[in-house]
């Protein structure tokens, strides 16, 4: 049997370095497993789904390309593509440099610099014949589904026909809602298509366009050609349905920073049998754990101000937007667990009423006729659930009538609950804490200011990835009985974890602050913020006096934020606003 793996990678800004380290170690372990397989073994592990939000979307696309076309760039602790992208190439000097096509009025940093990195690591390697071993990686499925979480600034309409009431009576009307949470999905094969990858790079730049830091990106979308993202999801046709329409996208993490639900949606295109669901595993990678953001101390009374209320409202809206995707997983898992409990309870009831089995069986047949009608899927569902639930010697020894009645009852519960082929998701969550990271300050941008921080977080990601592999190995016997873990056949990571942990401690960067990073880079970013502030005020036609006032008022805050040294005059330290 083939085991299938889906990756879901959250947004992280410069903490993409952490995710790069994690995914490097996981893919290395899966690759080692496949290399260790006996000649005729079917226990291969394949990666067939990659989803991502923000920085995670960029990483997902990069890894998908390497899996299908450029496998050598998945090798080497400091030679792999993710390391080159997130540790070596992305730095503040490049982000502050000007590149043709940059929109300085809508961003602090260069969007085209990010695009150039993607081109260097993807399309240019084909153009320049830089790929030494073309072909799929030994963990790549024949087809990989890529999903990018997007935030559509234009929006897409979803319409529902309704009856509307007017003075003349009832009439046909529409109920319209506009959705701004969007996605880009692609089915990728080993056949390299330059235009497809150029479009993916553009989509990735939009997926990672952090508000104000990067300019929103334009991407042409088509209601029919991209039917899996629009037409098949019930979106109303745009541009007559057949023509391309330009949409503008910003950071996909704004609405969906936890793309596990997107990964699950993509796996549903692949998995269809009980065996498929049983052999499906997910790796969810994020530098930040899913902790509670509940605020029991918030209250409104006579002393409350508008600022506190507005901040709490913004926080509530922000986190509610991220709630749905994650809870989709837990909702399905809980329903599956509930079905398991009800199945055991039903068996107990039927076993205690043997004399009534014929009556129960006949009643179940009537219910099944109502649920399935003329559909031929009943036999398939019955056999699937019989295989799933008759797993112990005690179950195998049930009388034919009792077993038949019991499985029919489970089919009815599953069908009426809408749980056909609903798998209990097996998710390996690989996160860490802010206390362990070096780049989490400045909304995750701090790592761009100093390569040392990116190297630290990359190594931390590698450690977390190796720890997950080691946990799987340590629980292999128990997991085999439970059927819940990947059957990894790789060497222990214990020694490597200890070695990497010693290196990490020697770096001593987990408690780094703004004042500890490269001063020239801080100064350059400070100057850029001041420059763009002045430009934006001018663009908004703010008067010269108000502009000077705003610049003067912000100077002290910005100098404190970036820890810029205060000027001295005749040996005396001047106030922060002093020029």
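Glycine too: its Cβ is placed from the backbone N, Cα and C atoms.
For 54, the entry in TrEMBL reads active site, nucleophile. The active site, proton acceptor annotation in TrEMBL covers 251. The feature domain 'PNPLA' is assigned by TrEMBL to 7-264. The feature motif 'GXSXG' is assigned by TrEMBL to 52-56.
Counting only same-chain residues 6+ beyond the ends of the motif 'GXSXG' (52-56), those with a CB under 8 A from a CB of the stretch are 7-16, 19, 86, 147-149, 207-208, 210, 251-253, 256-259, 285-286. Taking the Cα atom of each, residue 54 (active site, nucleophile) and residue 251 (active site, proton acceptor) are about 5 angstrom apart.
DSSP places the residues of the motif 'GXSXG' (52-56) in helix, strand and coil in these numbers: 2 helix, 2 strand, 1 coil.
Mean pLDDT for the motif 'GXSXG' (52-56) in this predicted model: 94.
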